[in-house]
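Chemist: What Swiss-Prot shows for this protein is this:
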BINDING   G15, P16, S17, G18, A19, G20, K21, S22, S23  ATP binding site
REGION    183-203  region 'Disordered'
COMPBIAS  183-200  compositional bias 'Basic and acidic residues'
Amino acid sequence: MSVVRENGVIVAIDGPSGAGKSSLTKLLAKRLGYIHIDTGAMFRAVALSAQRAGIASDDDAGLAELCRGLDITFARDGEACRVLANGEDVSREIRTEEIGLLTSTVSARQPVRQALLEMQRKMGAKGGVILEGRDIGTVVFPDAEVKFFLSASAEERGRRRYLELAARGESATLEETIAKVVQRDRQDEGREHAPLKQAEDAVPIDSTSLTIEEVLELMERTVKERLAQGDKG
């Protein structure tokens, strides 16, 4: 039986904050000609919208109503991919440290997870997509044909995040940034609904001492091998 869907396979990339999922997903999608669905950005857009609307992170009824009226889409802008919330470009606003921490809390609420789960499944059902997040291979698409779990040490992830913030002109110390990475890990791993964990059939990749190109080549080779198996099926 073929393992390839109408437009190709579904590739799930999970892992903790700062592991390099977004950068690698964008590059891999470009190489394969696949669509990149940034689920983390979707949750961040909900968190930003909730903050703006004055909805508390534990207000399930308010969050459910917010999600019903929220349209999250992605638009290509040259090499970049913009995130739109009800037509507004929020690509920059959702990437602050404050929204990042709020996202970990908001994304643990069941109404938010359910609303975005349905949205993500519709986006990726026909294959030819790469989704990255924290529970893609375990909850969103447990039947994804290719799964990766990308990780790196907290120190390395904090260092990468610190450099990102510095490049954007945001003030933070390396120690503070690493501490926030550890805090985010604790929140993501300990939440009740869909905690961060590696799928049993995922390919684990520790990128602490690997270059982006080395990780990218490993991922591309794995996907192409799976596609070849599907062609034979």
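Positions of Cβ are set from backbone N, Cα and C atoms, glycine also.
Structural setting of the listed features?
Modeler: A simple way to gauge crowding: the CB of S17 (ATP binding site) has 24 other CB atoms within 10 angstroms, across all the protein chains here.
For the region 'Disordered' (183-203), the DSSP-based tally of helix, strand and coil residues reads 8 helix, 1 strand, 12 coil.
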Chemist: Cβ within 8 angstroms of the Cβ centroid of G15, P16, S17, G18, A19, G20, K21, S22, S23: which residues besides those meet this for the ATP site?
Modeler: L24, E132, L150, A152, R157
Chemist: Do any residues at least six apart in sequence from S23 (ATP binding site), in the same chain, have a Cβ closer than 8 Å to its Cβ, and if so which, in order?
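Modeler: The answer is I212.
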Chemist: Does G15 (ATP binding site) have same-chain partners at least 6 apart in sequence with Cβ under 8 Å from its own Cβ, and which are they?
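Modeler: Result: K21, E132, R134, F148, F149, L150, S151, L196.
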Chemist: Can you see whether DSSP assigns S23 (ATP binding site) to helix, strand or coil?
Modeler: helix
Chemist: Give me the non-local Cβ neighbours of A19 (ATP binding site): same chain, 6+ apart in sequence, Cβ-Cβ under 8 Å, ordered along the sequence.
Modeler: L150, S151, A152, R157, S207
